[in-house]
Amino acid sequence: MTRAFLVVLDSVGCGGAPDAAEFGDEGANTLAHIAAHCAAHRAEGPLRLSNLDGLGLGAAIRLASGDDAPGLDAVPTGLWGAATEVSRGKDTPSGHWELAGLPVPFEWTYFPDTDPCFPPELVALIRETAGTAGILGNRHASGTLIIEEEAEAHIRTGWPICYTSVDSVLQIAAHEEHFGLQRLLDLCEALAPTLHEMRVGRVIARPFIGEGPWERTPNRRDFAMVPPAPTLCDAVQGAGRQVHAIGKIGDIFSMRGIDTVAKGPDAALMRHLEQAVRDMPDGSLTFANFVEFDSLYGHRRDPEGYAAHLEWFDGCLSPILEATRDGDIVIFTADHGNDPTWRGSDHTRERVPVLVAGASGEAGQVAFADVAASVCAHLGVPTVGPGRSFL
Ligand SMILES: O=P(O)(O)O[C@H]1O[C@H](CO)[C@@H](O)[C@H]1O
Ligand SMILES: [Mn+2]
Ligand SMILES: [Mn+2]
């Protein structure tokens, strides 16, 4: 029996989504634009990702979009392809659920990009649940900028800072000491069932500290809707196998089909992944998400920070790939794009690379749900979802 490791590099898209124009994202390409930025502007020169490119990253970018990616021109040794999403959201739950065999079968509710953005009944519910006379924010915003703008008023009034984005989210930022971390988590948890009934995908607690400058802390919590049907995690667990989640996978799947969880910043997650490759039993699935590409660099529109994080990630892979056993597969993919050279601060609709260590050949253009079918086929468990195995 063999093991599967499914590793999502959050937001590391490769352009070319056929419906990108419907999202205002025609031409967005996270990886190709970072590579072009490095080649043209970076003191250290072109993007260098020898492990991922060796598996087929540059080839996947060219296949997905036709765009060039300077510095990524290795001849692939892994199995490589590019995956297209059908769910209507370019958000984290949509991407992960579909990779896990569950294209989202309904339309999410999004809050309009108006000021205010939340309906009065929701504002009343937040006020009542928080025990405050009002809320701050109530608009579309970047999470770091809205803290800059509202933190002083937040500390003065004690009101929570509520905002949203192009994703189906209610985000609440509050100071860990002045407002209280547990109080923030309790508030988000209490609001979540109502928001989920409204088909808002997540309520996200965004705690911060400091007295200006302000700093968000790793105590973020996502209260996500339960997946509306079984996913890859349920299929693997249901076959009596172990499912280990690294990073925010547990939150994204509301712990459905997941046995164990390891969390922390990306550097800690890399150590957890290495340990999982050493320790996980035959027949198991390890499902990891590395979020900092998205949260620290994509949303912050920082192509050089994004490039450095890609190079850090790639540089950590050699010992991990060497520690895999015969018959293991390691799949590297992504859940959506977040082009740091694009306008605004939101995700971008893109295809994503699919690179498999432990297999070889060209998978070509595949579907997100094919990832779940491939993992099921590899592990020899009953398949889940509409996909077909590319292995
Ligand atoms: O700008 P910040 O707070 O990082 O928010 C981002 O994080 C949210 C959840 O991933 C996205 O919807 C986007 O709004
Ligand atoms: Mn994501
Ligand atoms: Mn994001």
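Any Cβ shown, glycine's included, is placed from N, Cα and C.
Site annotation for Mn(2+) 2 in TrEMBL covers Asp294, His299, and the matching candidate from His272, His347 is His347. Long-range Cβ proximity for Asp335 (Mn(2+) 1 binding site), meaning a same-chain Cβ under 8 A and a gap of 6 or more residues, is found for Val8, Asp10, Ser11, Thr92, Ser94, Gly95, His96, Leu99, Asn289, Val352. Taking every protein chain shown into account, His299, His347 are the binding-site residues, and of these the Cβ with the most other Cβ atoms within 10 Å belongs to His347. His299 (Mn(2+) 2 binding site) sits 12 Å from His336 (Mn(2+) 1 binding site), taking the C-alpha atoms as the reference points. If you draw a 10 Å sphere around the CB of His336 (Mn(2+) 1 binding site), it holds 31 other CB atoms from the protein chains shown. Averaged across the domain 'Metalloenzyme' (3-381), pLDDT in this predicted model comes to 97.
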